[in-house]
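Working notes, beginning with the structure itself.
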């Protein structure tokens, strides 16, 4: 007697070949960018180890420091009173290089094979991350060494984001893009969490390993990328998606930001892409100015500048804030800071779902930004009153701060990079993504720098700066929110008209 089909085999057959390949690409690019973020996180965990109060620690027998020196166990040159400014300079070296490199990276990403470009970037990123940690074992105490390594790492890390967004955009159409990319974008928070946990293992003993281990993992992932990344569905005989609906159904002006893909009604069917692999002449890569003329690019880019300023200030300074204000150990502060990233995962998925359901990317971002401002104020004043309040407030702040950031860098970037005004030229995706994330990276560089300069005057002032940036991010979306509200009224009017008929 023959048995019935095994449940596992039944499950495998339930999905088409195209679905399996799409799932594989989604998972692979998820792991790729998680590694990028994992390699960025250790510096925020190790900061509290580079400069610490050593007054209660037992001095080694051969110590030559002055008996009144309370920073004898800190790592020179970060053992002086200006350590916050020096740590801010190290952060900013990476972030400024990243911001500058991002504008160039998108141009290269449109013109070079993504597999080579991405895998080379990951291997180099792993190398420079490890070199930072080797400064501990090589007993390097020169500021220029750490700054130079951060600059090089910032430049090579720009290979990541435009490449993975372009690759995912090649495989997935517009249908449920916000939800899919909301889940996928959790790689940012997953990478931050992994980076925090891995760095926390060695931060109190050999902090150099906090960089070397993530660096090695990132380099290995670069080799895996070279072996397995598939740029286009056509490369493995899969069906390419379409990015737009039937033109006859588009009754409104496609140049209107309300009717652009980030705010249009998304169908459940995969839509999409004319890719460069299709038959016929290959479309030219879009110019920088051409990408800026796409409706919505400038507004969302400037909004992301301030949203990313807030997010990256938390990324780089939250563990030190918890260490100084709540008086946890370096490892406990690093572990607790991961809750902000847990909230970021939830926020990214929520923002994607809500924007898909309401067809309103800008309004979703604006509402979350409005709610984030009072939550940051409350976290600063009551978040450290107990472990329970700290956990709850960190998760809520993570949801509201990282939700808009996640939505803009994923679904919005993909929507604008395949805008109707491009007339089927999907080669704009990497450039648009680079412009949006590059502009955001300027804010990412400014945030930690300002935090380093302002924190000596008190942490309250740092939070006032973050709240101000959050409000500015919201204001920059007002025009698009107004357009989306008009679109809702029009849609409701049509719906009422149909019911009367």
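Yeah, the Cβs are placed from backbone N, Cα and C, and that goes for glycine too.
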Looking at 63-83, 210-230, 231-251, which one is transmembrane segment according to Swiss-Prot? 210-230
Range from 210-230, 362-382, 462-482 with the greatest count of C-beta pairs under 8 A to the transmembrane segment (434-454): 462-482
How about the transmembrane segment (462-482) with the transmembrane segment (118-140) - do they touch, taking at least 3 C-beta pairs under 8 Å (6 or more apart in sequence) as contact? no
Do at least three C-beta pairs under 8 angstroms join the transmembrane segment (362-382) to the transmembrane segment (19-39), pairs 6 or more apart in sequence? no
Determine which residues of the chain contact the transmembrane segment (118-140) at the Cβ level, with the cut-off under 8 Å and only residues 6 or more beyond its ends counted. 32, 35-36, 39, 42-43, 75, 146, 149-150, 152-153, 156-160, 163-164, 167, 206-212, 214-223, 225-226, 229
Out of 88-108, 142-164, 303-323, 334-354, which stretch has the largest tally of CB pairs under 8 angstroms to the transmembrane segment (179-199)? 334-354
When you check the transmembrane segment (142-164) against the transmembrane segment (88-108), do you get at least 3 Cβ pairs under 8 Å, counting only pairs 6 or more apart in sequence? yes
Which residues, given as numbers and ranges, are at least 6 beyond the ends of the transmembrane segment (19-39) yet have a Cβ under 8 Å from it? 118, 122, 125-126, 129, 153, 157, 160-161, 164, 167-168, 171-172, 180, 184, 186-188, 190-192, 194-195, 198, 211, 214-215, 217-218, 221, 224-225, 228-230, 233, 236, 238
Same-chain residues at least 6 beyond the ends of the transmembrane segment (88-108) with a Cβ under 8 Å from one of its Cβ atoms are 40, 43, 117, 143, 146-148, 150-155, 157-159, 161-162, 285, 288, 312, 316, 430-435, 437-438, 441-442, 444-445, 448-449, 451-453
